[in-house]
Amino acid sequence: MGVALSLLWTRFFGKEEMKLLILGLDNAGKTTILYRITMGQAVETAPTVGSNREIFEYRNLKFMLWDVGGQSSIRTSWPQYFTSARAVILVVDSCDTARLGLSRDELHRICADEALKDALLLVFANKQDVKGCMTVAQISEGLKLTNLRDRQWQIVACSALTGTGLYDGLDWLTTRLAKQ
Ligand SMILES: Nc1nc2c(ncn2[C@@H]2O[C@H](COP(=O)(O)OP(=O)(O)OP(=O)(O)O)[C@@H](O)[C@H]2O)c(=O)[nH]1
Ligand SMILES: [Mg+2]
């Protein structure tokens, strides 16, 4: 859309909502991140059956955030959410060493999907408040992020419990989305 047309569109219809997907294994902290971002606080969560959806405005951009359940039975439905997503936020539990390989497999499956070929990738290495958790470098290596060619990606350490790091990730995302 040209600049003039885009301004006209915004004037009459409001800002375009950008669809962002929050994906990751069960217990990674996706729902906690969703509500920490949209409500500014840590909320008590239960495993997500299906998905949660929230509108969020940040740095003059409007987002529709989709948080999809990560249990194995729900992961098979993830591709139903992919259409027109501008970015994937992959949440990894930095304490879950045993399932880092599973996160890697899911990530590379997501990235191979044609519907997400232009989507940005932000990895949140969550639960960094827990002592002895994996570092960003270990998670980056375990996920084989450098194998993702032709993909704009970033990994950021965060804690949904304290809020640390979440806005560093969102700043990276919004800077890139604003340029598109
Ligand atoms: N210590 C710590 N615990 C966290 C953090 N983020 C989430 N949790 C806890 O991890 C557990 C799972 O969090 P959820 O947000 O429900 O996880 P989810 O990824 O949405 O899980 P599913 O809905 O099953 O896919 C909860 O007990 C959270 O309180 C964090 O940054 N630090
Ligand atoms: Mg959840």
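Keep in mind that glycine also has a Cβ here, set from the backbone N, Cα and C atoms.
TrEMBL entries are annotated by machine, without manual review.
Proximity of Thr31 (Mg(2+) binding site) to non-local residues of its own chain (separation of 6 or more, Cβ distance below 8 Å) is seen for Val43, Thr45, Thr48, Asn52, Asp67, given in sequence order. Positions annotated as GTP binding site by TrEMBL: Gly24, Leu25, Asp26, Asn27, Ala28, Gly29, Lys30, Thr31, Gly70, Asn126, Lys127, Gln128, Asp129.
According to TrEMBL, the feature Mg(2+) binding site maps to Thr31, Thr48. Thr31 (Mg(2+) binding site) carries a helical DSSP state (H, G or I).
The least crowded of the binding-site residues Lys30, Lys127, judged by other CB atoms within 10 A of its own CB, is Lys127. Taking every protein chain shown into account, Asp26, Asp129 are the binding-site residues, and of these the Cβ with the most other Cβ atoms within 10 Å belongs to Asp26. Among the binding-site residues Asp26, Thr31, Gly70, the residues whose Cβ lies under 6 Å from any atom of ligand 2 are, in sequence order, Thr31. Sequence-distant contacts of Ala28 (GTP binding site), defined as residues of its own chain at least six apart whose C-beta falls under 8 angstroms from its C-beta, comprise Gly70, Val91, Val92, Asp93, Asp96, Ser103, Asn126.
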